[in-house]
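There's a structure below that I have some questions on.
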Amino acid sequence: MARPLIADIDLDALRHNYRLACSMAPDSRAVAVLKADGYGHGAVACARALEDLAPAFAVACIEEAVTLREAGIATPIVLLEGIFEASELEQVEALGLWMAVHSDWQLEALLARRAARPIPVWLKVDSGMHRLGFAPEAAEAAWRRLAAAPDHVCDLQLMSHFATADLTDTGYFTRQMGRLRALAEGLEAPLCLANSPATLARPEARGAWHRPGVMLYGSDPLEAASAESQRLAPVMTLRSALIAVRELPAGEPVGYGGRWVTPRPSRIGVVACGYGDGYDRHAVDGTPVLVVGRRAAVAGKVSMDMMTVDITDIPEAQIGSEVVLWGRAANGELLGVDEVARHCDTISYTLLTGVLPRVPRRYHGAS
Ligand SMILES: Cc1ncc(COP(=O)(O)O)c(C=O)c1O
């Protein structure tokens, strides 16, 4: 038997989630964010599945765009961080990419370029995330310079990113929106603001474009789930099987450091999945997994290639039984990646992007 660990990717669920993002903002166009290899799902497969729906894709860097172009994806692609050096402009033009401009040096390089055709530009404003972008006071001048260079720049949009759109406390989000509104009104700029949480929960952030990322993959980014976010469908199921079962008396330590000690006579299932596959080693005892579609709990520290789960209350579990680390079990039971992330003191983004290349991806749907 081959090692049973596999990431099943449901491309129909991806399309469902993309359509949900569109339905949340019907007057806005949704650029599907495919960076970090499609949040670990395989950017090329995701792009092919969304090609007929999405007017544009977004990635973090030119290398990710090249991967999509080499796979034959012709859809416009936005570079969310723009170029990292001026020499990339040639490729931006050759590959027909769109680019964010977040810094003076990028703007100067763009305007200094000998342009064969203009490049669609998303001017990035730092409205409060304090990561990338022009300060609002500087953004107006940058906008006007770009707008005055139609040989170099076309389809100018104003872009910004929210720090707290996922929180129920909307105080800081409202401050960011206020700064953006003031700026956009003066410029009559089309806006691209909303990430997944803002797409789901902040109607005032919907502009000409929105940029859903993690919600496309079925993760709910909101601090407090909404009726809409509950309609998201999981795209990845990380699936494995039990490769050994042990019967232990009470009082026996399990795994490295003996972190978990059997509180009663226990059955322990050994799962073929570990941190060498990307499963988070910070998973605490009690982190849920599904064994034959029933809830079981991580018991003991995650190892590189294996982990141990308490299956004392699942007598039908045996060697070869299905284990779902997150996603949907064969019996239809669901274990959300967000719930697993909470037990690992992290977020779904790190779990999904962290699934390592040695885990084969198996694609379903969207044929
Ligand atoms: C600039 C930008 N836009 C959009 C996104 C998508 O965010 P999310 O995955 O929360 O929807 C990201 C993700 O980090 C981003 O950096």
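Positions of Cβ are set from backbone N, Cα and C atoms, glycine also.
Not my notes, these are from TrEMBL:
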| type | residues | note |
| --- | --- | --- |
| ACT_SITE | Lys35 | active site, proton acceptor |
| MOD_RES | Lys35 | N6-(pyridoxal phosphate)lysine |
| BINDING | Arg131, Met304 | substrate binding site |
| DOMAIN | 235-364 | domain 'Alanine racemase C-terminal' |
| ACT_SITE | Tyr256 | active site, proton acceptor |
What's the CA to CA span in angstrom from Lys35 (active site, proton acceptor) over to Met304 (substrate binding site)?
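Lys35 (active site, proton acceptor) to Met304 (substrate binding site), Cα-Cα distance: 26 Å.
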Taking DSSP as the reference, which of helix, strand or coil describes Arg131 (substrate binding site)?
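Reduced to three states, the DSSP call for Arg131 (substrate binding site) is coil.
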For Met304 (substrate binding site), which residues of its chain lie six or more apart in sequence with Cβ-Cβ distance below 8 Å?
Gly274, Tyr275, Gly276
Taking just the CA atoms, what is the gap between Arg131 (substrate binding site) and Tyr256 (active site, proton acceptor) in Å?
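Distance (Cα to Cα, whole Å): 39 Å.
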Can you count helix, strand and coil residues in the domain 'Alanine racemase C-terminal' (235-364) using DSSP?
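With helix first, then strand, then coil, the domain 'Alanine racemase C-terminal' (235-364) has 19 helix, 49 strand, 62 coil.
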Looking at the recorded positions Lys35, Arg131, which one has the fewest other Cβ atoms within 10 Å of its own Cβ?
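Counting other Cβ atoms within 10 Å of each of the recorded positions Lys35, Arg131, the minimum falls on Arg131.
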